[in-house]
Structures are given as structure tokens and as C-alpha cells.
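Take a look at the structure set out below.
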Amino acid sequence: MSSSTPNTLPLLSTNKSLSSPFTNNHSTFLSKPSQPFLHGRRCQSFKVSCNVGEHDKNLDAVDRRNVLLGLGGFYGAANLAPLASAAPIPPPDLKSCGVAHIDDKGTEVSYSCCPPVPDDIDSVPYYKFPPMTKLRIRPPAHAADEEYVAKYQLATSRMRELDKDPFDPLGFKQQANIHCAYCNGAYKIGGKELQVHFSWLFFPFHRWYLYFYERILGSLINDPTFALPYWNWDHPKGMRIPPMFDREGSSLYDEKRNQNHRNGTIIDLGHFGKDVRTPQLQIMTNNLTLMYRQMVTNAPCPSQFFGAPLGSDPEPGMGTIENIPHTPVHIWTGDSPRQGHGEDMGNFYSAGLDPLFYCHHANVDRMWNEWKLIGGKRRDLSNKDWLNSEFFFYDENRNPYRVKVRDCLDSKKMGFDYPPMPTPWRNFKPIRRSSSGKVNTASIAPVSKVFPLAKLDRAISFSLTRPASSRTTQEKNEQQEILTFNKMAYDDTKYVRFDVFLNVDKTVNAEELDKAEFAGSYTSLPHVHGNNDNHVKDVTFTLAITELLEDIGLEDEDTIAVTLVPKVGGEGVSIESVEIKLEDC
């Protein structure tokens, strides 16, 4: 991820006129104003309006799988211990905003990421939603027509033009700097770095961030109904960079992207620095499996989906979607082959300089809504410390505001929503099995003989005793079985990913994730902590496995086999112990 040279964006000529040569191709996708979808029933199939190429044959092949489309078949219910107390996070002190850092060597971002400080900084009011006449409906980017694309390009061009004044809070670079300041150590609270990743602040911060960014774009083209598109990477037909972002010379294009991942290349939602030599159909299948695991299996309750409370530790633990696919999409898009620090998308400080960042996070935000629709105990957190945490933003009129988490829980109340769309991962529970029966756990070393583990430099297997077996349905609803990795340490300036499997040994084919035995993955994106020289991260990693044990047929077993397969950076990962716990939701 880049050297100390910042991304330089071209300054466009000033044009205050709101007239523009929109392309009118009579598309049914979008009519003025920008209202691509209204309300409707969730559909079972979806036709895209963008042109398709040869690679779409594989997309259709995935569509033909009889488990791809349709809803239903979910397992809700229990999980995780109640959230620990952590004081509400106040908005950052802009007057003490400092230097942001890029890497563990102390490399400073060569420009200030701090926002302009308003004259009345000590009396910034709370934001109140303006009157709304109709919802802004965020469309899937891959299906957008040329009229919509022209509007989006124009709005982004005008935002870039505002960079003439480097202190204009509505300028493209100033908007990108919001992410840099909140994520690369520029803000401190109580002497600790303020970080909006790796905790329960992740979803609400980015929702508010996109809310104001979207409204600024709309104001620049006098269209209050303009809505950001979302990168539909959870659907096979959206698993590539949306075409509107891959046009050189467009205001939506960013030179600092991985050039090997352009022109319709299928994204790997588990990507961590290395391209897999796997057929496209298998990559898409793996993607849908990852989505099912992250949204359904591993996130039956709020604490696993949102992440851990932010307290004295600036990075207490991320939720399932932040882990995967959020982070791998950043890495896959960023230009790590040519840039020293993965710019733009591959580093927090520069991610907002790529317009695709906002499209990516629109789909991350959409996952918040989709997750709550699955049911069970999937609902917003009720912890007051979370609800009362605050952030600072400028609105489209350059007015400064404070905002609270509690006011962003319902996207419709904020004035935006997503159209009814198929979510094929909902019915993509892995059903194929690697083995026909139970692995002989007596032939595998017990956990006490394997841990503490000094380094995960190769695949390892071990047997683990469960706290209870043959649990009733009521017991499962009350408590989730949690596979827990205690005191896991690694250098958090390095890429890390390893996969976890149950009921298989270390000979498992880890390139095929669409197996019932695949439990989940752990990932980490390189990042820094301001001036902190200690980059060894000590975390607890958990996976909810109640559903998994049912699917594999191990509910009545007292002992199970667990296999860890390192993908990237395993040689730097140590784990003190592993256990299975029963925890309340």
C-alpha cells in the first residue's frame, strides 16, 4: 500500500451550470428524477440491463444451480455473550486532529486528512432529517443505464471541481479525507486512537458517511432524489467491477486499481493478496458460500454481526461482514502490484479517493438491512453506549453537524432504501460433504497437544471436546455453541487469512469452500495505530457453529475435529488456546 506519495486527482474545469448532455436511451431502469426503483415484492429472478459478455456464460451457469435463487431455509437463534459496557464515543475533537499514518514505519500521509474547523466548533448542533417527499432508492451498479451513469459522472465531476478550494468540505478530496482521519490515527479520544473499524462503530459510521456523501452529490446536480449505486458483489451478476467505474477518462475511474482485476474479472470475496487459480464457477460458488456463512451461520445474533464494543482497546473485534467480504473487496480492488501500500482501495487512508469505495460500502450498508430480514435474533443492538455514540459531518450546505448512532438504524427514516433484489446466498447453505461420516478423532492430536501454537505456517488438525452434546432445540435457541480462539496474536501491519473446517483433517481441499465442513475464515487488513510501535495484535476470534454441527451430523458427538488452513500470513499467527463455549445471545 503506497509509498508516501499521495494520490493526485486531476482538477477539472469549473462549470456551475446544471445543464448536461444526459444520454437518453429510453431505458426502463431509470427515469428522471433519479428514482430507479419503487416499492415491490422481493423477486425470484433478475434481468440486468447492462451488456453481457462471454464471462456471463459462467454467471448463468451459477444461476442454473437449483439452490441459487429463492428465499427461506434460515436458521436463526442464539449466540454470543451479552455485550460488555463501553462508554458512548463522543464526536472527535477537530481542533486536536493530528497527523495520519500510512504504515508501521511511521510514514505520514503527506497531506492533512483533517477537516476544516467551523468557527462555532463548540456549539455544533445535532442533525435533523430534512422533510422527505420520496425515498432515494439505491440501484445495483451493474444494471444502471446510461442516463443514470451520466448523472453520477456529472455529480462526481462537480465534486472534484470543488477541490480548487482545498478547504471546501464538499470537495472530493475532503470527502475522502473523512475516512483517512477516522481510520488512520488522526483523531484521539481520551488519549486513545479513534478507529471506526474493528468494532461495533463500523456499520453506523459508514452509513452516516455515505448518507452525507450521497446528499452532496444530489445537491451538485439539483436532484434531491439522486441515490448512490451499490456494488452487488453478493450476486453472481454483480461479482465484477461495475462497468461504469471501469471507463478510463470518466470521473468514476481511478487509476490506482489492480489492473489485473479489470474488464469483467470475477471478484474473489475471500481475496487476500493472492489470486486463486480456481475456475470462475468455483470462485462464484465460494463467494456465495462465504456470504451464507457470514450473514447466516456465523451471525445469528447482533454481537457477531456488528462487532465488539469499543472501549479501551481501539480494535476490540470486527463483525462478520467487516471481516469478509468487506476487507477482501478492499484488497482485491486496490493496486497492490504497483503501489507501495495498496492504494487506493487497499489502504484506509486512500480508500475514499476511489469512487468505487462508496459503491462498495453502499452494498456493505445494504447487508445491514438484509441481515435484519433473515429473522431469528437478528436485530439492532440496544446497548445505550452504542446508540449514543456520535460522529461529525458536514451536510450538503456546508453546515457542520453532530450525529448519533441511534438515528441511523432505519434507512427509510433517513430517506433512502434498496430495491427488492434476489439474494442467492440465502439458499446457498453448503450441503456437499468432504467425508461420508465422522472423522476418527482418536487419530488426531487433542487440542492440548497442539496449543499453544507458535505459528500457523501449515495446515493443522486437532480434536476438541464440546461442553455439551445432544442439545434440545430449546437449548440451542437459548445458547449458541461458539468455537473460540483465545489470545490470537499477529502483526497487524501484514495481510492475514486462515480458514477453519470441522470434521475434516489437514488433507482437505481448501480451495472449495462450498462444503458443509467449511466453518469460516479470519482476515486482517494491514493498518496502523498512529505513533504506536507495538503492532502485535492480540485478539479473540469466534465462530458460531450450532448450525454447522447440525448440517454435518455431529450434534450427538462429544468430540469433534477442527482443521486450520493458512492462506496468507500464517507464519506470523500464534494462538494460545482453542475451546468451545456455550454463550447467550
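Even glycines carry a Cβ here, placed using N, Cα and C.
Marked as Cu cation A binding site by Swiss-Prot on the basis of similarity to another entry: HIS179, HIS197, HIS206. Marked as Cu cation B binding site by Swiss-Prot on the basis of similarity to another entry: HIS326, HIS330, HIS361. Sequence annotations record features per position, and here Swiss-Prot assigns disulfide bond to CYS97-CYS114, CYS113-CYS180. Annotation comment: Swiss-Prot describes 1-86 as transit peptide.
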Neighbours of HIS361 (Cu cation B binding site) among the recorded positions CYS97, CYS113, CYS114, HIS179, HIS197, HIS206 (Cα to Cα, within 10 Å): HIS206
Distance check against HIS179 (Cu cation A binding site) for the recorded positions CYS97, CYS113, HIS326, HIS330, keeping those with Cα within 10 Å: CYS113
Pairwise CA distance, CYS97 (disulfide bond) versus CYS113 (disulfide bond), rounded so that it is a whole Å: 9
Same-chain residues at least 6 apart in sequence whose Cβ lies under 8 Å from CYS113 (disulfide bond): CYS97, ALA100, ASN177, CYS180, ALA181, ASN184, ALA186, TYR349
Integer Cα-Cα distance in angstrom, CYS114 (disulfide bond) to HIS206 (Cu cation A binding site): 17
DSSP-derived class (H/G/I helix, E/B strand, else coil) of CYS113 (disulfide bond): coil
Nonlocal neighbours by CB distance (under 8 Å) for HIS326 (Cu cation B binding site), same chain, sequence gap 6 or more: HIS360, VAL364
Cβ within 8 Å of the mean position of the Cβ atoms of HIS179, HIS197, HIS206: remaining residues of the chain near Cu cation A: TYR182, CYS183, VAL196, PHE202, PHE205, TYR209, PHE348, ALA351, HIS361
For the Cu cation B site built from HIS326, HIS330, HIS361, further residues of that chain with CB within 8 A of the site's CB center: HIS206, GLU322, THR327, VAL329, ALA351, PHE357, HIS360, VAL364
